[in-house]
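Going by Swiss-Prot, these are the annotated features:
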type: BINDING; residues: 13-20, 77-81, 131-134; note: GTP binding site
type: DOMAIN; residues: 4-221; note: domain 'tr-type G'
type: REGION; residues: 13-20; note: region 'G1'
type: REGION; residues: 38-42; note: region 'G2'
type: REGION; residues: 77-80; note: region 'G3'
type: REGION; residues: 131-134; note: region 'G4'
Amino acid sequence: MKKIRQPIIAVLGHVDHGKTSLLDRIRNTHVAEKEAGGITQHIGATEVPIDVVKQLAGPLLSLWKGEIKLPGLLFIDTPGHEAFTSLRARGGSLADLAILIIDVNEGFQPQTLESIEILRKYKTPFVVAANKIDRIKGWKVVENEPFLVNIKKQDQRAQQDLETKLWELIGKFYELGFQVNRFDRVKDFRKELAIIPISAKYGIGVPELLVLISGLAQKYLEEKLKIEVEGPARGTILEVREEIGFGTTIDVIIYDGTLRKDDTIVVGGKDKAIVTKIRALLKPKPLDEIRDPRYKFDHVNEVSASAGIKIAAPDLEEALAGSPVIAVRDEEELKRARREILEQIKSVIISTDKVGVIVKADTIGSLEALSKELHEKNIPIRKADVGNISKTDVMEALSVKEEEPFYGVVIGFNVKVNEDAEEVAKAKNIPLFVNNIIYKLIEDYEAWIKAEEEKKKKEILANTKFPGVIKLFPDERYVFRRSHPAIVGIEVLEGRIKPGYPLIKQNGDKVGVIKSIKSKEDFLQEAKKGDQVAVAIEGAIVGRHIHPGEILYVDISKDDAIRLVKELRDMLDDTDIEALKNTAKVKAQKDPFWGAL
């Protein structure tokens, strides 16, 4: 028998923009005492029955033509993009819909952009809650009032202020390729993104938000939400945790089928599929019934999607957050489930001996999301695993560093660094990049590479001589001193010269070394093509080794030439290249290497 399940809803947004406040407001919504089904607390989720939505929304339901048939809404309790990336279901996201919350006064922030990127990648439909309208100057607050009623009570200035802030958000979304409008002005919800102005703190606009997501789910996701009630359950692990009296348990969101006490389940482990039998299905007691923290759960015999449930069973110590849970009823289903879970784990947890970065994340879902981003940036991965950054990870990065310094790093999403790992990383100079924003992690890593490349280039530059061709002025008047050192007037014909550069003649014979370069009263660190300067040449005697009108060349080494061609090519201008060609011709007379350059 098929039924429509509650849509699973995630709340995303930047830190302090109101994600938790919104969830708290939804959780603590008071409904009339006579109401049969109130809001119920699941494990890791909050269920809002449709009757509560209807009571809160009242006349707003006319926004949607036809009756809403959903049984309710299931909100994931852990807000933020970290939780969202962990919640996977068959390659996509576990969430059917998302609410992106933005502080209307602060606008877009780094985690806002990260959240939009993730929603776009997972193709998850979402609405925008423009929060903290109560902070707009002069805003009149009426608790739990629908926005469309509340806005009429505001004076012209407050209304205009909100309108300006909304247009700023709309403009930013437009730059990102989204058509957006205030929810009551949207003509087609398939083409336009809806913004609902709200105050999570006071509940203003929350009725519209609940109606809107109920209506969107009903209208566009009905087929996706139809499930086979009697079918075996499928879910995703939110968290693995110890519970007094139960040992290791897993908190699971069930999104398909029915899970029963005594069912056999297959669960994703670090490098295996764990097969175990359910000992207990637990759901939280209502808060007002908890008298003793040891007895905070009620036992249930079965649970149907969508639901958040705690499973107590043997052998769950190595279960992985973010991995699948599949109930099986016979040997054939068991084989299939085991194969499916192993394939999923193997596609995400990587261990190779190739040169690449070390990647760690808190759950298998976030590991998958981070790995995907790195692949898109063509950053190779040597090892990808779940858990905190360990000493072993740092040592692995060290062995990579010896082969390729830019990949000898550890990149960690939403994880901690073990103390011994930090010590080794400092001692061995292994960079650790840790953040809870994926794109920031990659940005930081790329910025580090850029800085390292610049540093390396500077070191190479400091140790590399550039080619240069100079001509002594033919007039004897420009011989200022004949020896110890010889000082003569010259023009740089091609390339560049610097103090310390050795010089050779056209036949390849060594002449001496440039001691200093002077223009009028100033000593220079460099002279380039077209510059007319005086140079002091140590080791040369005018009339014996060098003569007025003679052309001399900077004596670059083979190593200089190789570095110039291979590593500093982008720093050579046309005149440097010309000088290099001329120098190569001179040096080829004595060494065939230069003929092949």
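Note: Cβ is positioned from N, Cα and C throughout, glycine not excepted.
The structure displayed is predicted, hence computed values, not measured ones.
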Practice task
For Gly13 (GTP binding site), name the DSSP secondary structure in the helix/strand/coil scheme.
Solution key: strand
Fill in the blank from the handout: When pLDDT is averaged across the region 'G3' (77-80), the result is 70
Handout entry: Summary of DSSP states over the region 'G4' (131-134), given as helix, strand and coil counts
Key = 2 helix, 1 strand, 1 coil
Problem - Proximal but sequence-remote residues of the same chain as Ile133 (GTP binding site) (Cβ under 8 Å, at least 6 apart) - result: Val104, Trp139, Phe147, Leu162, Pro197, Ile198, Ser199, Ile204, Gly205
Practice task
Using DSSP with the three-state reduction, classify Lys19 (GTP binding site) as helix, strand or coil.
Solution key: helix
Exercise for the section: Just name the most isolated of the binding-site residues Gly13, Asp16, Lys19, Thr78, going by other Cβ atoms within 10 Å of its Cβ. Expected result: Asp16
